[in-house]
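Engineer: I'd like to ask you about the structure that follows.
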Amino acid sequence: MTELRQRAVREDAPPEDKESESEAKLDGETASDSESRAETAPLPTSVDDTPEVLNRALSNLSSRWKNWWVRGILTLAMIAFFFIIIYLGPMVLMMIVMCVQIKCFHEIITIGYNVYHSYDLPWFRTLSWYFLLCVNYFFYGETVTDYFFTLVQREEPLRILSKYHRFISFALYLTGFCMFVLSLVKKHYRLQFYMFGWTHVTLLIVVTQSHLVIHNLFEGMIWFIVPISCVICNDIMAYMFGFFFGRTPLIKLSPKKTWEGFIGGFFATVVFGLLLSYVMSGYRCFVCPVEYNNDTNSFTVDCEPSDLFRLQEYNIPGVIQSAIGWKTVRMYPFQIHSIALSTFASLIGPFGGFFASGFKRAFKIKDFANTIPGHGGIMDRFDCQYLMATFVNVYIASFIRGPNPSKLIQQFLTLRPDQQLHIFNTLKSHLTDKGILTSALEDE
């Protein structure tokens, strides 16, 4: 009887209500079907992409030891490549960061496309790459304006682009937003909004944090090299300790991760960070901020090192004195900061890897791609690096960076003469009230 009443109510309903109900049902069915089909959508299976030379050389080993040697050899190759790009200078480093960012974005977007490609979503890949272009234009435009201020003011086209940069960026994004709205298809509404969110989260994770990597680089090569090296060291040492001593599982998302590897990697990374910081703090090319020289139209890394990179003597706590027999120790202040960096790289950085593992498990894939044999895709190697880059940028802004006199002077020189004169008089009055200007004149 209840079913008959419900059927009668539906039959007596106005045509508009029936139509809206059928549309809602159709849309609901499409969404649920989309989700179920997405779960069973075929994704690229991982293949053995180990170079044939290594396969032949390691053919007599078990799969466990074969994987150990493949990862070890290719890790050394990647470290050697890392040293080469450091030697080539900051401009090459920025280009490499840009290339890595694009490849990581491509790997994540490709996963989404492979999951949902059977639905023939209009403009999905085109809009994804368009939004990548818009966001890069915004971030790199901000960087150019900030670090190449004099060059921008000298060239009229660049000055105009700099002045209206944010408006142009917003207009570009708004164009993509309107294109997305126009591409909406009735039967795929929910799925298209899924992918719209997918693209934007990818931009947040990849592009924003790679932009922070470049900002860290401009603070000094040491702020780029030490954090990245700490993450690499922790990854290697955690694997080594886990491979030889691992017994206790750490987290279900990564069954091969062990507590032994996690703890061993932490102590090894802290020691490594202290040693690397001590070596690098003695070289100006690593500790000086990367600045653009307008006279030579090139980057310079020459300066008078700050107190952060000058040896100082520290008293050792009494408890430790009795154990090692030293009362004082000479070290760079940056080494103290390196402890914070290496601790984050060891204890919090791996959660970037756990996040990536959860993402891959959600889509039933082993790696983001097969770019590097034994290691997966580029994103598989940089999942922890992006989280580390954000921490370093926040750490510098909170505890290290102060006002930059050179940037203030650059901005001051672009003001109108009356504005410059006003600032001059205000500064003169301020220094006179403090007695600084009077004493300086008396000394002369």
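Residue numbering: from 1, along the chain as shown.
Cβ coordinates come from backbone N, Cα and C, glycine included.
Below are the features I grabbed from TrEMBL:
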- 1-38: compositional bias 'Basic and acidic residues' (COMPBIAS)
- 1-47: region 'Disordered' (REGION)
- 68-88: transmembrane segment (TRANSMEM)
- 94-116: transmembrane segment (TRANSMEM)
- 123-140: transmembrane segment (TRANSMEM)
- 167-185: transmembrane segment (TRANSMEM)
- 192-214: transmembrane segment (TRANSMEM)
- 220-246: transmembrane segment (TRANSMEM)
- 258-280: transmembrane segment (TRANSMEM)
- 336-356: transmembrane segment (TRANSMEM)
Engineer: Are there residues at least six beyond either end of the transmembrane segment (336-356) with Cβ under 8 Å to its Cβ atoms? List them, or say none.
Structural biologist: 226-227, 230-231, 233-234, 238, 251, 253-254, 257, 262, 265-266, 269-270, 272-274, 276-277, 308, 368, 379-380, 383-388, 391-392, 395, 399-400
Engineer: Cβ pairs under 8 Å only, please: of the recorded stretches 68-88, 94-116, 123-140, 192-214, which one is richest in them relative to the transmembrane segment (167-185)?
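Structural biologist: It is 123-140, which has the most Cβ pairs under 8 Å.
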Engineer: Which one, 68-88, 94-116, 220-246, 258-280, has the most C-beta pairs under 8 Å toward the transmembrane segment (192-214)?
Structural biologist: 94-116
Engineer: Hey, which bits of the same chain come close to the transmembrane segment (258-280), Cβ under 8 Å, at least six residues off its ends?
Structural biologist: 221-222, 225-226, 229-230, 233-235, 237-243, 245-250, 286-287, 331-332, 334-335, 337-339, 341-343, 345-347, 350
